[in-house]
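Residues or ranges marked as active site, nucleophile by TrEMBL: Cys331. Feature annotation from TrEMBL assigns active site to Cys334. If you look up TrEMBL, you'll see Arg137, Thr139, Trp150, Ser189, His192, Arg224 marked as FAD binding site. Sequence annotations record features per position, and here TrEMBL assigns disulfide bond to Cys57-Cys62, Cys331-Cys334.
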Amino acid sequence: QVSGYLDDCTCDVETIDRFNNYRLFPRLQKLLESDYFRYYKVNLKRPCPFWNDISQCGRRDCAVKPCQSYSEVANNLIEECEQAERLGAVDESLSEETQKAVLQWTKHDDSSDSFCEADDIQSPDAEYVDLLLNPERYTGYKGPDAWKIWNVIYEENCFKPQTIKRPLNPLASGQGLCVEKRAFYRLISGLHASINVHLSARYLLQETWLEKKWGHNITEFQQRFDGILTEGEGPRRLKNLYFLYLIELRALSKVVPFFERPDFQLFTGNKVQDAENKMLLLEILHEIKSFPLHFDENSFFAGDKKEANKLKEDFRLHFRNISRIMDCVGCFKCRLWGKLQIQGLGTALKILFSEKLIANMPESGPSYEFHLTRQEIVSLFNAFGRL
């Protein structure tokens, strides 16, 4: 029953629940099931730029070489690895009709005023993936390799003062971080919490040769978020999840003018469906704009102009580095959702940093100062849908 002012933002649980459950989420879910938003182009074959020892257990096409032994322990490892291999595999099947459609989408996007193209989308290895066929859930990807990813993110990319040891929480230290650096840490922590909630909520509870039973793993959830079991860290993680939600909500409220322009379309080639989707999208965005508890970003980058510009560049470089770390995730399905949610958050930050550019956009014709690609739009709304 949290209410009032919570760290960097206001909080009223009843208002948020009512807003999500009755006014926002059902329409957002319908939008995300449409062809424009369900197909995400991603390159899952890029090598890790930082180290070579990626776990083979979570990768679809890798032999489980490290697990070849006849001992009981090794047999258990084989079983775990094979399960991770199955659950972490990405279902890359697209119908023939969809394959033809995405070729049209690419031609359409190439002819528009692309502003921030992801650097690997033009690669022959980049493919469209159906997000509805590949839901974010437990895959068996865990242990040292999974820990290594998050440790590198926190240790090297979250403005953590050098004197802070585990737990990796610069907010708990006596050293003050400026509001921008504190916010950056909280966004990454919130994303980590969000992913762990999804894995706990869609956990493989039972598997037989006939079916898989998915459901809530309460024990797993408590181990990550219970106040006593986590020595106070769990509730902070959930607060950071809420903080991330408000940041992305605020970004969506700020970007309304971009989607309102008559020239903008959610192009799939089906004119009737595209028009209906745009109408639904604008309904959702105007609903978000009416939300009464928006995060106030006016305190961000509001000090010395030179220092503010340096902080923005630091944000950009740190965030870009985190997106590159996603290529080191050893499970393809985890890598898919990691890439998508990082890009979605990066797009939200891009919007918040571009308020003046958005305000000065022409009502029609190309918008050269501010533009969102299809990839950014798809990742922005799917990442928000996860929250």
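One-based numbering along the chain as shown.
Each residue, glycine too, has its Cβ placed from N, Cα and C.
Keep in mind that TrEMBL annotations are predicted by a computer and have not been checked by a curator.
On the structure: features taken from TrEMBL.
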{"residue": "Arg137", "record": "FAD binding site", "CB count, 10 Å": "16"}
{"residue": "Thr139", "record": "FAD binding site", "CB count, 10 Å": "22"}
{"residue": "Trp150", "record": "FAD binding site", "CB count, 10 Å": "15"}
{"residue": "Ser189", "record": "FAD binding site", "CB count, 10 Å": "27"}
{"residue": "His192", "record": "FAD binding site", "CB count, 10 Å": "18"}
{"residue": "Arg224", "record": "FAD binding site", "CB count, 10 Å": "19"}
{"residue": "Cys331", "record": "active site, nucleophile", "CB count, 10 Å": "27"}
{"residue": "Cys334", "record": "active site", "CB count, 10 Å": "25"}
- Note on the structure: Greatest Cα separation in angstrom, residues Arg137, Thr139, Trp150, Ser189, His192, Arg224 binding FAD per the record, works out to 21
- Message: I need the CA-to-CA distance for Ser189 (FAD binding site) versus Cys331 (active site, nucleophile), whole Å please.
- Response: 20
- Note on the structure: Of the binding-site residues Arg137, Trp150, His192, Arg224, within 10 Å of Cys331 (active site, nucleophile) (CA to CA), in sequence order, we find none
- Go through the binding-site residues Arg137, Trp150, His192, Arg224 and tell me which ones have a CA within 10 A of the CA of Cys334 (active site). Arg137
